[in-house]
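Going by Swiss-Prot, these are the annotated features:
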DOMAIN    107-299  domain 'ATP-grasp'
BINDING   134-186  ATP binding site
BINDING   D254, E266  Mg(2+) 1 binding site
BINDING   E266, N268  Mg(2+) 2 binding site
Amino acid sequence: MQRQELQQKKIAVLMGGLSAEREVSLRTGKAISQALTRCGYEVTDIDAGRDLAQQLEKTGVEVAFIALHGRFGEDGTVQGLLELADIPYTGSGVLASSLAMDKVATKKMLCYHGIATPGFAVMRRGQKICGTLPDYPLVVKPAREGSTIGISIVHDEQELAAGLEEAFRHDDLVLVEQFIAGAEVTVGVLDGQPLPIIQVVPKGGFYDYQSKYTPGQTEYLLPAPLPETLYGALQDSAVRVFEAIGCCGAARVDFMVTDTGFYCLEVNTIPGMTETSLLPKAANAVGMSFDELVERILAGASLRK
């Protein structure tokens, strides 16, 4: 949509929600709402609870900017509701959102498209592990959580049992993944075009929830100090992943880089927009202010039928 058209519509920023990432979503949503207000849009903030359909109807929303993270916001649920309500929205559609939120489905899609990803096995609550368990160390993850919630790095059977117990506190489906030692990098993709690569260097050694959202806990190298050929290959791979999943608007693709290559870890279809978030940092590196980034994402709002 054009800027002039959007400035005549009622825009809702959907934030908060019901997931374990609620607090991060509120920070993302507030930052987006303030940016849109500065740019002259009519903005309503909506805390997306179970009464979201009623809130949308009551406020007369015409366009939705989705600033939700985690379940019921990033997994296709809200996207489906907005499709039913005929309200254009930002970001990826129902299927891409659902695929990217499910780490197991994402891994299978990456394998299908020949995109390198760490070896893995899958476990459902009360069942045996499906697939061959990679060698230790391993990373144990709830399949449908974000912000590193419920993740453990394990080195033996005892730690694996504890890691599975923690992961099952958050999900009935768990991904057990080969641990890749290397440099963690992230590539933002905006409307199908890659942004500069950021290398993530957490001071604690592991990029956990605290490192992500506490200022000063992580060093960000922008642009990532990588050989030119590798840098270009990572950007190309990020776009391939974006297209394979079927993403729209803005997304972020995370990789581990080793001496022998790189591996795709996961895809984030609603990247954070807080003061420590990576997508705004990458956009700023190419001269795009936070407000301009928010407007660019808003301009892509549509129905994904």
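Glycine residues also receive a Cβ, built from the backbone N, Cα and C atoms like all the rest.
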Of the binding-site residues listed as D254, E266, N268, the one whose CA lies nearest the CA of K141 (ATP binding site): E266
Among A162, V176, A183, the most crowded of the binding-site residues [Cβ within 10 Å]: V176
Cα separation, R169 (ATP binding site) to N268 (Mg(2+) 2 binding site) (Å, whole number): 22
Protein Cβ atoms within 10 Å of D254 (Mg(2+) 1 binding site), excluding its own: 19
Candidates K141, H155, R169: member of the binding-site residues with the richest Cβ shell (10 Å): K141
Binding-site residues compared (T148, N268) - highest count of Cβ atoms within 10 Å: N268
PLDDT averaged over the residues of the domain 'ATP-grasp' (107-299): 90
Around the Cβ of E266 (Mg(2+) 1 binding site), the count of other Cβ atoms that are within 10 Å: 20
Inter-residue C-alpha distance, H155 (ATP binding site) and E266 (Mg(2+) 1 binding site) (nearest angstrom): 22
Rounded Cα-Cα span from D254 (Mg(2+) 1 binding site) to P134 (ATP binding site), Å: 21
Euclidean distance between Cα atoms of E266 (Mg(2+) 1 binding site) and R169 (ATP binding site), Å: 21
Secondary structure at H155 (ATP binding site), reduced by DSSP to three states: coil
Cα-nearest neighbour of E266 (Mg(2+) 1 binding site) within the listed binding-site residues, T148, A162, A183: T148
Using Cα positions only, nearest of the binding-site residues to D254 (Mg(2+) 1 binding site) (T148, A162, V176): T148
